[in-house]
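A short worksheet on the structure shown next.
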Amino acid sequence: MTHKIMAAILRKCGKQDGGEMGWRNETSPPSPLGGAEFLIIIMANMSAVQQFILVGFPGFQDRESKLVFSIFFLVAYLLICLGNLTIIATFTLDENLHKPMYVLICNLAILDITFSSVTVPKLLAVFMFDFNMIPYAACFMQLFFYLALGTSESFLLMLMAYDRFVAICNPLLYPTIMTNKVILKQITLCWVGGLLTPVLPLILAFRLPFCGPNKVVHCFCDHSSVLRLACADILINSYVALTIALSVLLIPLAYIVFSYTRIIASVVKIATSEGRLKAFSTCGTHLLVICIFILTAAGVYISYRIPGTSEDIRIMAAVLQNVIPPLINPIIYCLRTKEIRDSFVKTVKRGKLLSH
């Protein structure tokens, strides 16, 4: 049955040239893609390419390099889980932290764990055990959740900047504007917006025929890397994905920079020199991690349009964007936040007392 389907497609497809596939025959001009032909493409996708091969870093295929990457990403992933689970547990056990700012920090911790868990376990399987095969459906699921959770985190970071902006620049209105009920609705919008954003790029990608090449030059199923394997013109897919990606990354970044600029301006007017130094330190740290997350992701998308860009550098940037912010966020939002730090110490002491 599979061979018959493929034969039917080969009869209808012109020869592949430069990644474009035309629908033509010898005696008639191209005709619109009909429902039956579209069904054949979908079936061909599932029969011609049933799984992809994740190459990893093309320039680091030796065993020693893979061992170094394995150790680094394993330790990083364990620390990500430990740090963010600590924040979630501390927030859950202490009702005094059930306030808008800490609700946001807890949701950021949840996003950080899920976002890194979409890619890092598979990345470790590739480096540690050379388990580099991933089924067609699983690849597209990983692609979807990677885009969805990354977008949700971008929206959530913008919401956190808005929360701090209102708290510092309009402190008298803050209890009215930012209640737990309001913040939960806004967080829900961040999650829903993140889940809806990649739907169009995913539908466009799923319609493409994958008729042979199946080596993804990446550590996980990245959208642009998967598109390059399609046996069709991907120009529309590329521009749609780039437009959406830059919109959900740079618009939140612009608002975050605006908010922190206003916050710093407000603090400079009213704070002492020590308070100003603390404000600059806190805002600077937050902006640094946010820029690593957002600007690195934007750079990775743009790099696919720049000829000669190193594949290894691009892949490393994408992986670090997936690992470094979730690793650092518990430090800057937990250890440097006095209320969470004190609550964690009390929780630990209470646990020790209960154990005796």
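Cβ coordinates are placed from backbone N, Cα and C, and glycine is handled just like the others.
Note that TrEMBL annotation is computational and uncurated.
Database features (TrEMBL):
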- 38-60: transmembrane segment (TRANSMEM)
- 67-89: transmembrane segment (TRANSMEM)
- 83-333: domain 'G-protein coupled receptors family 1 profile' (DOMAIN)
- 127-149: transmembrane segment (TRANSMEM)
- 186-206: transmembrane segment (TRANSMEM)
- 234-258: transmembrane segment (TRANSMEM)
- 279-303: transmembrane segment (TRANSMEM)
- 315-335: transmembrane segment (TRANSMEM)
Ranked first among 67-89, 127-149, 186-206, 279-303, 315-335 for CB pairs under 8 angstroms with the transmembrane segment (234-258): 279-303
Contact between the transmembrane segment (67-89) and the transmembrane segment (315-335) (at least 3 Cβ pairs under 8 Å, separation 6+): yes
For the transmembrane segment (127-149), sequence-distant contacts whose Cβ falls under 8 Å of one of its Cβ atoms, 6 or more beyond its ends: 45-46, 49-56, 66-67, 69-70, 73-74, 111, 114-115, 118-119, 194-195, 197-198, 201-202, 205-206, 210, 216, 220-223, 226, 322
